[in-house]
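J.: Relevant sequence annotations retrieved from Swiss-Prot are reproduced here:
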- 14-34: transmembrane segment (TRANSMEM)
- Ser68: phosphoserine (MOD_RES)
- Ser77: phosphoserine (MOD_RES)
- 137-157: transmembrane segment (TRANSMEM)
- 161-181: transmembrane segment (TRANSMEM)
- 229-234: motif 'HXXXXD motif' (MOTIF)
- 429-457: region 'Disordered' (REGION)
- 431-444: compositional bias 'Polar residues' (COMPBIAS)
Amino acid sequence: MEGTDLVVKLLSTWLTLVGSLILLPSAFGLSLGISEIYMKILVKTLEWATLRIEKGAPKESVLKSPASMGIIQRDESPMEKGLSGLRGRDFELSDVFYFSKKGLEAIVEDEVTQRFSSEELVSWNLLTRTNVNFHYISPKLTIVWVLGVLVRYCFLLPLRVTLAFIGISLLIIGTTLVGQLPDSSLKNWLSELVHLTCCRICVRSLSGTIHYHNKQYRPQKGGICVANHTSPIDVLILATDGCYAMVGQVHGGLMGIIQRAMVKACPHVWFERSEIKDRHLVTKRLKEHIADKKKLPILIFPEGTCINNTSVMMFKKGSFEIGGTIYPVAIKYNPQFGDAFWNSSKYNLVSYLLRIMTSWAIVCDVWYMPPMTREEGEDAVQFANRVKSAIAVQGGLTELPWDGGLKRAKVKDTFKEEQQKTYSKMIVGNGSPSLALDSSTVDNHGSPEPAFRSESL
């Protein structure tokens, strides 16, 4: 009995501390300054670790930026410039060497598939999963790493799991209870309160530090919020500062339980992407939703898949065909404190969350941008590209014309043929001034992309 009493006392003390120091302040959007102190200590520690690594590295070794860590030393000049020597003379067998070189470079390291793996770090952040490129480890640095493991797994992980369990449980229970009320302004207010409070608690479970910029441009009711997509926690990041109606794929498991509870309290739209009827129904419901200026803004990720936060890939045009005002949002994570990217082909949702909860913290910047509308004579594809460009510039991300669906699908033959035509024009000397891809050559499907997608669980 004494052992049981001790466990009960320890558990009650733990929950009391968590509730009073973290849970209640986070529920009201307040901070006692604990996370700020933690981040200052963490920044100083990582700066010290970087200096130790630099001292231990050979003089000829220089820490490179992520952009320069590629396997291949590429010629950055335009392809047409490289082919200038081919023009004005007859074809020779050696002319194919240039294209063979480019083809081999694409096979070894293309600019697309590397966006579906974690971003390389400039310096080690004392996490075992990111020390592949860093081998100059001193005894002092090893001791600090061991202490970091103890802190992350013996203190932070139990704390974060506790907060996540409380946040998810309150979300399911709260939305289920609110869903029993008749439609009214009171129900809407309670629904927004439950969503906002629970999302804030869940963000605290990740030691989230979020910096919101340009809050005067926050998405308004009746509008559509579009953002670049890195992880499922993008939803939590945005929902901590405002409520949204979400569009997404139906899931099973824990995600499915959360979805079914949430839709009772708020008009979220869940659908089966494989069902054509569902896709048409979603488009219809979205148009009806934005027509009502009293409803929450819709949250959509037009890329349709998670990208590693170094670039923005093709936006599907479906989100830009339904009309309404688009509110672009750029999200940029700091990988030095933890990798927010979800590589769904390698990790299921539970494994991903455990990796996040055993990282140092999730630090990110969110930029709200001025609302954008479709201009006269502008089609949906052009509008989507314009919004994508604005997000890429604001977030400091690389803009790519490629479809994120290439993560799992093969390149279509029509696109290969288009590239062959472009190359042939360049060889004969009547090609375009540059090899910049025209967005019209890239297949751009029309279905809206969800906030919760059909990633592997």
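The backbone N, Cα and C atoms fix where each Cβ goes, glycine too.
Could you place these features in context, so I can see how deep they sit and what lies close by?
T.: Remote same-chain partners of the motif 'HXXXXD motif' (229-234), defined as residues 6 or more beyond its termini with a Cβ less than 8 Å from a stretch Cβ, comprise 203, 206, 301, 303-309, 331, 333, 340-342, 349, 352, 356, 362, 451-452, 455.
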J.: Going along the chain, which residues at least six beyond the ends of the transmembrane segment (161-181) come within the CB cut-off of under 8 Å?
T.: 14-15, 18, 22-23, 26, 187, 190-191, 194-195, 197-199, 201-202, 204-205, 254, 257-258, 261-262, 264-266, 353, 357
J.: Could you pull the average pLDDT for the motif 'HXXXXD motif' (229-234)?
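T.: Per the prediction, mean pLDDT sits at 90 for the motif 'HXXXXD motif' (229-234).
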